[in-house]
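**Student:** Please see the structure below; I have some questions.
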Amino acid sequence: MALKQVSSNKCFEGFQKVFEHDSAELKCKMKFGIYLPPKAETAKCPVLYWLSGLTCTEQNFITKSGFHQAAAEHGLIVVAPDTSPRGCNIEGEDESWDFGTGAGFYVDATEDPWKTNYRMYSYIKDELPKLINANFPTDPERMSIFGHSMGGHGALILALKNPGKYKSVSAFAPICNPMQCQWGKKALGGYLGSDVSKWEAYDATQLVKSYPDSHLDILIDQGKDDQFLSAGQLLPDNFIAACTEQKIPVVFRLQQGYDHSYFFIATFINDHIKHHAKYLNA
């Protein structure tokens, strides 16, 4: 599968690049950001996948989070894909900011007209890692995942649905219980249909209840002044309660005064990179 380099910038002795490719899963052109640390010039490196939130592209994380120095120090390749298929000419895909373009919700849609292209779950789980491992100096056995908001939801469900695939998982202000919030009801209803039982397969709070073991160390940071926390879109308490019941270790940090923005992410990004490096470099 041909990769086309869109940009390359030297950063902390490594390179932040953006590539474009034709996705078989999403049936459109997709872009992803990839940071290659200096270590990648001489050795195979573990890969950390970042999933962004609503309205984002591959650009938000690579330009705003300030992750590069820590990734360079720990020798991690960091991959930041887009958040949905693009330019599929589906009626209604650009009508709202929380559904369709920029809002793929990391599910495989089963409803028309979305089911042909909106397969972000399989893209992140299968197609993208295969592409990365085939084209870059990775150690395919060592990968982890993290994300923000809708992407935090994506990271949690990918880790919970695929025990052992990821060495570690973390999230910033994740949508923890989409079946119970407005964003989730709109997205899951639109992509998966009205049968609520089908939604459970993409809800972290539901998935953790049947997670087979406790070998998953979860780190979550949440801003206390996050407007979407107070609006009931994120519902971390439901997820923590389910984790506690299952005896799955989760470190949940409520950060005083922080909101939902990349200023919040940038503040705690080094802690998250360190969390993943502990498992990826073990």
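Placement of Cβ uses the backbone N, Cα and C atoms for every residue, glycine included.
According to TrEMBL, the protein carries these features:
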ACT_SITE  Ser149  active site, charge relay system
ACT_SITE  Asp226  active site, charge relay system
ACT_SITE  His260  active site, charge relay system
**Student:** Determine, to the nearest whole angstrom, how far the Cα atom of His260 (active site, charge relay system) is from the Cα atom of Asp226 (active site, charge relay system).
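**Tutor:** Pair distance, Cα basis, whole Å: 5 Å.
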**Student:** Rounded to an integer, what is the Cα-Cα distance in Å between Ser149 (active site, charge relay system) and Asp226 (active site, charge relay system)?
**Tutor:** 11
**Student:** In sequence order, what residues of the same chain, 6+ apart, have a Cβ less than 8 Å from the Cβ of Asp226 (active site, charge relay system)?
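**Tutor:** Listed in sequence order: Ala173, Leu234, Tyr258, Asp259, His260, Phe264.
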**Student:** Considering the active-site residues Ser149, His260, which residue's Cβ sits among the greatest number of other Cβ atoms within 10 Å?
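**Tutor:** Within the set of active-site residues, the most crowded position is Ser149.
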